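Asks: The following block contains the structure, expressed as structure tokens.
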Amino acid sequence: MNHLDRLQRQISYEFKDITLLKQALTHRSAATKHNERLEFLGDAILNYTIADALYHQFPKCNEGELSRMRATLVREPTLAILARQFKLGEYMALGHGELKSGGFRRESILADCVEAIIGAISLDSSLVSATQITLHWYEKLLREIKPGENQKDPKTRLQEYLQGHRLALPTYDVKDIKGEAHCQTFTIECHVPNLDRTFIGVGSSRRKAEQAAAEQILTALEIK
């Protein structure tokens, strides 16, 4: 159990029921009792926690500015950064196929795991505890975030960049949908006519998958 003791120190929370943490770390490819329900719960808690923090931190910002900052803080790449800080990839339980394809490094899987841990903390202790721990994780990010252009989501930023350069807009096509209706994984293929490449995004919703693909294109174009 030493490895989970180490993880609990990294996330600044000690579980009373360690099975909740184990479930939060279990991808659906590894077991029938996986982390997707916990992820659903954690996603809602995370969005509320960050929205509440931003509301009080920026009393003069309008709804649009607050929404963009929240989107930046709860999006997949940001959650994946937290996951890497906790080294979650070393603790996750993945099926053979996901392990072989490097699932422990995939941003979508890492981000989902962070949300699942938030959900697990709320069940193990309370909603208040989950909120407090989440705010602790986000302390530096909340301190550094500012209203501004870079808070727009990846799809919006990509569209504005292409329009500004009079380039054709991207197309997003669903290439694959896996899982039951309540816990699906979407694979989106994004093509920009002026780029000789196709980009793939994966997410727990079509929107998340499209945003992930757009983020890859922005990175390839070196657009911050």
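Even glycines carry a Cβ here, placed using N, Cα and C.
So Swiss-Prot lists the following for this protein:
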ACT_SITE  ASP43  active site
ACT_SITE  GLU115  active site
BINDING   GLU39, ASP112, GLU115  Mg(2+) binding site
DOMAIN    4-126  domain 'RNase III'
DOMAIN    153-223  domain 'DRBM'
Asks: What average pLDDT does the predicted model assign to the domain 'DRBM' (153-223)?
Replies: 87
Asks: Pop the Cα-Cα gap between GLU115 (active site) and GLU39 (Mg(2+) binding site) into the table, whole Å please.
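Replies: Each residue's Cα considered, GLU39 (Mg(2+) binding site) and GLU115 (active site) end up 5 Å apart.
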Asks: Within its own chain, what residues at least 6 apart in sequence put their Cβ under 8 Å from the Cβ of ASP43 (active site), listed in sequence order?
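Replies: Sequence-distant Cβ neighbours: GLU115, GLY119.
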Asks: List the residues in the vicinity of the Mg(2+) site, defined as same-chain residues other than GLU39, ASP112, GLU115 with C-beta within 8 angstroms of the site's C-beta centre.
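Replies: Sorted by sequence, the hits are ASN35, GLU36, LEU38, PHE40, GLY42, ASP43, ALA111, CYS113, VAL114, ALA116, GLY119, SER204.
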Asks: How does the domain 'RNase III' (4-126) divide up by DSSP, counting helix, then strand, then coil residues?
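Replies: Across the domain 'RNase III' (4-126), the residues distribute as 89 helix, 2 strand, 32 coil.
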Asks: I'd like the number of other C-beta atoms within 10 A of the C-beta of GLU115 (active site), please.
Replies: 27
